[in-house]
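Enquirer: First the structure, then my questions, so here it is.
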């Protein structure tokens, strides 16, 4: 008797849905608390607290609906054999347009085209509601409906251009990889990630946003001075027009080796009270670089990717596994999809572990900025960004431990205060 892999996968998906819904309910209850955490009393105004509460509750209600629809669709697709049915129909489409359905690359591309259309159709209502109802209601959305659809079309076109050669390469590697398949797949994905990290900020990101050099002035001088003092190889300092789409704020850095760049959202510059708060945020980000957090994360990702491909090579020839999901053939892409579903339990554990490490890194980066003398402006900057982004101020400890890659504001301020007391 064959093991019921598909039923086990669907059962675990539903089990995880109930578990995560329980956590969501705990967080929803925390969001409804009528008072601020004691640490934030007198720090966050009541006006901002009420606005943050309303925004967070709106997103929470929306999340419940979206997750319910998602689990119903995903489990139904697997349980009722929609996946093998659609694979068969995509092959018939290839024949209909006069191409060879025996060519696995053409068959796979037709399948993925259908999946992309389905994803766009089913995801569009949620994207529209999130952007033009929730985000607009709370003053964050700045984009027009035209800009929204223009971005969507650009994203589709990029997928059409970049997707086929990548998918074709993966199929060929799997077909010809032999005993070293996992290593070949990892090497390909490693190279691809380096190429994309190089090309994305130069060719892709400018398709969606405008990047301009930060004007000469005190802010630029302070950031350059900070970078120089840490021997950070800063080559370019940009401001991105995030305000054309949203009033949410952010800052990030990227680049290889001696070619590093820092990008500030224009909304970050507008929201922070003074230059010191912005520089403190950058000091935190540079802390990640100085403490090698980025390198450690990249290495961990590569190890996990290699292990994942190693696991895939062990099951890709399992006819029982394919039959359990309704397939009488063993296409490469379908094998990858099935494998991803069968390792869902492990993925949840890995994700939880990575969040623990990420939160530890955030505390370390805060401490690094504090050692540079930015304790007060970092504290003020964190509070201001929390206020301006209307982030959740009351968080359930179970929910945040499971979901958050960054510690809640209360924990970060407590850590900074504890460090201050130790020094005293």
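Every residue number used here counts from 1 along the chain in the order it is shown.
Placement of Cβ uses the backbone N, Cα and C atoms for every residue, glycine included.
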Enquirer: For the annotation transmembrane segment in TrEMBL, which listed range does it cover: 240-262, 332-354?
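Expert: TrEMBL lists transmembrane segment for residues 332-354.
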Enquirer: Which one of 28-46, 47-65, 294-312 shows up in TrEMBL as transmembrane segment?
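Expert: From TrEMBL, the annotated transmembrane segment range turns out to be 294-312.
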Enquirer: Which of 68-87, 107-134, 155-175, 181-203, 294-312 has the most Cβ pairs closer than 8 Å to the transmembrane segment (6-23)?
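Expert: By Cβ pairs under 8 Å, 68-87 leads among 68-87, 107-134, 155-175, 181-203, 294-312.
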Enquirer: At a C-beta cut-off of under 8 Å, are there same-chain residues at least 6 beyond the transmembrane segment (332-354) that contact it? List them, or none.
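Expert: Result: 5, 9, 12-13, 16, 78, 83, 87, 104, 108, 111-112, 167, 170-171, 174-175, 300, 304, 308, 311-312, 315-316, 321-322, 325, 402, 405.
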Enquirer: In angstrom units, rounded to an integer, how far apart are the Cα atoms of residue 288 (Zn(2+) binding site) and residue 366 (active site, proton donor)?
Expert: 9
Enquirer: Hey, does the transmembrane segment (294-312) touch the transmembrane segment (181-203), meaning at least 3 C-beta pairs closer than 8 angstroms, sequence gap 6 or more?
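Expert: Answer yes, regions in contact.
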